[in-house]
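Contents: one structure, followed by commentary.
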Amino acid sequence: MERNLKNVLIISFGFLLLFTAYGGLQSLQSSLHSEEGLGVASLSVLYAALILSSMFLPPILIKKLGCKWTIAGSMCCYIAFSLGNFYASWYTLIPTSVILGLGGAPLWSAKCTYLTIAGNSYAEKAGKNGKDIINQYFGVFFLIFQSSGIWGNLISSLIFSQASNKVEIPEEDLACCGAYDCMADTTNTTGSAGPSNSLIYTLLGVYTASGVLAVLLIVLFLDQIKSDQAETEKEKLETPSFWSTFLATFKHLKDKRQCLLIPLTMYSGFEQGFLSGDYTKTYVTCALGIHYVGYVMICFAAVNSLCSLLFGKISQFTGRKLLFALAAVANTACIIALLLWKPHPNQLAVFFVFPALWGLSDSIWQTQTNGLYGILFEKHKEAAFANYRLWESLGFVIAYAYSTKLQVFIKLYILLSVLVLSMVTYGAVEYIEAKRSPGTPTATKKENISPHTQETHM
């Protein structure tokens with residue numbers, strides 16, 4: 001097997017194991033720890049810590065440890081969050097959420113940097129277009145990675161379905177489900193059907209073991225990417241100061257294209273936050289019960305995974321603009337339908353239609369936006385991907401922060417507004433690129449021919 005592809009597969013399966021645990025836990029936080037909003041509060045704190053981490057940790061750790069050991073160390077932070085859920089309280093869940101947040105930005109920045117370098121390296125050897133290989137690598141990664149939602153949610157649903165005390169939800173309680181919710185703790189309607197502590201501990205034990213396996217896979221089998229020898233020696237002599245790395249993310253905002261991509265990047269956080277925080281609680285748990293959350297999210301993850309591979313492959317034929325338009329139309333249709341629909345257990349199939357369409361859209365937001373960052377900002381990959389995590393995390397923080405404060409219909413209007421804005425600013429980026437490309441063929445050619453000149457900024 002080609003060495004770069006082997007490393008892409010190792011990273012992909014490492015993330016699969018890690019996010020089998022984290023993805024399942026994230027889907028359940030708003031329903032499992034609904035008391036005083038602890039679940040969504042922990043997620044909001046988590047992504048706030050991720051913002052702080054994005055500001056300075058990725059460049060420092062990637063330069064000091066390299067991509068491999070940055071990924072391995074960051075994965076351990078996710079295991080801490082699983083452990084914190086064993087005895088969920090404000091004193092255990094919030095600190096472990098902070099730890100996970102601090103490890104999140106270096107993990108994703110190192111992954112994106114690794115895949116971009118691997119893609120350029122293979123393209124140079126094979127004489128192919130670098131951006132096409134990068135898109136394919138991200139497609140393979142997200143195919144495997146997004147399937148983590150299938151396994152994580154399947155595990156939770158199978159374990160929670162062992163509970164024998166399921167109850168039927170009365171009609172008066174169903175009136176509080178959906179876009180015009182009653183701002184009450186909707187999980188109380190299914191409180192008697194909640195899982196026992198023994199089932200919760202069993203689930204958390206499986207999730208923790210999955211995280212440990214992910215770390216072992218990376219440590220034992222992933223190759224460390226080596227920079228050019230001359231630059232390696234230079235980095236030994238020139239260790240960047242704290243403030244220079246702290247400001248690297250913000251210096252990148254001097255690029256107009258990066259500023260214009262902020263709404264699109266934040267929308268990725270908004271839409272994922274709505275699905276995992278609001279849809280699972282106000283629609284699924286409220287109307288069906290917590291044991292259905294996993295099955296519904298499996299539908300999202302399965303469609304997301306398959307579409308990630310599909311769109312990663314066909315993007316070189318269709319172009320990214322058509323795919324972004326498809327995602328925008330699908331999400332807009334879902335938002336309008338969710339505003340009009342009153343969830344009821346008799347309409348079981350409808351509960352799966354929304355996550356399926358959401359998965360199709362999210363697969364495009366993830367693969368194409370990641371690929372877009374790698375292509376537009378090849379000379380400043382680390383700072384660009386740190387910005388990606390920073391603004392996406394801010395979207396998550398805002399979405400989770402107002403999760404218990406606003407009715408769902410208001411959140412849907414906010415989501416729609418951000419989507420419209422992000423499409424306008426993304427269109428401006430494409431317009432800028434269309435104006436630049438015809439006049440700068442030499443620069444484009446040079447970047448594709450000499451990718452290693454950019455790899456050494458780790």
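In case you wondered, yes, glycine gets a Cβ from its N, Cα and C as well.
The compositional bias 'Basic and acidic residues' feature in TrEMBL is assigned to 444-458.
Among the features that TrEMBL reports, region 'Disordered' is placed at 438-458.
If you look up TrEMBL, you'll see 39-57 (among others) marked as transmembrane segment.
Taken from TrEMBL, the feature transmembrane segment covers 69-88 (among others).
Annotation comment: TrEMBL describes 94-117 (among others) as transmembrane segment.
TrEMBL lists 137-160 (among others) with the feature transmembrane segment.
Below 8 angstroms of C-beta separation, residues 7, 10-11, 13-18, 20-22, 24-25, 32, 68, 71-72, 75-76, 78-79, 82-83, 85-86, 152, 155-156, 159-160, 162-163 of the same chain, each at least six residues beyond the ends of the transmembrane segment (199-222), sit close to that stretch. Per TrEMBL, the feature transmembrane segment maps to 199-222 (among others).
Residues or ranges marked as transmembrane segment by TrEMBL: 289-311 (among others).
Remote same-chain residues near the transmembrane segment (323-341) are listed as 178-179, 271, 279, 283, 311, 315, 350, 354, 357-358, 360-362, 364-365, 368, 408-409, 412, 415-416, 419, 423, 426 (criterion: CB distance under 8 Å, separation of at least six residues from the stretch ends). TrEMBL lists 323-341 (among others) with the feature transmembrane segment.
Positions annotated as transmembrane segment by TrEMBL: 347-365 (among others).
Per TrEMBL, transmembrane segment is recorded for 408-429 (among others). Outside the transmembrane segment (408-429) by six or more residues, the chain places 178-181, 257, 260-264, 266-267, 270-271, 274, 278, 282, 324, 328, 331-332, 335-336, 338-339, 376, 395, 399, 402 with a CB less than 8 A from a CB of the stretch.
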If one takes Cβ-Cβ under 8 Å and requires six or more residues beyond its ends, the residues near the transmembrane segment (69-88) are 11, 14, 18, 21-22, 25, 32-33, 38, 46, 58, 61-62, 95-97, 99-100, 102-104, 106-107, 109-111, 114, 201, 204, 207-208, 211-212, 214-215, 218-219, 222, 224
Determine which residues of the chain contact the transmembrane segment (289-311) at the Cβ level, with the cut-off under 8 Å and only residues 6 or more beyond its ends counted.
-> 23-24, 27-28, 31-32, 139-140, 142-150, 152-158, 160-161, 163, 166, 169, 187, 190, 193-195, 275-276, 280, 323, 351-352, 355-360, 362-364, 366-368
Chain residues in Cβ proximity to the transmembrane segment (347-365) (below 8 Å; excluding those fewer than six residues from its ends, i.e. six or more beyond) = 142, 146, 264, 267-268, 271-272, 275, 279, 283-284, 287-288, 292, 295-297, 299-308, 310-311, 323-324, 326-328, 330-331, 333-334, 337-338, 341
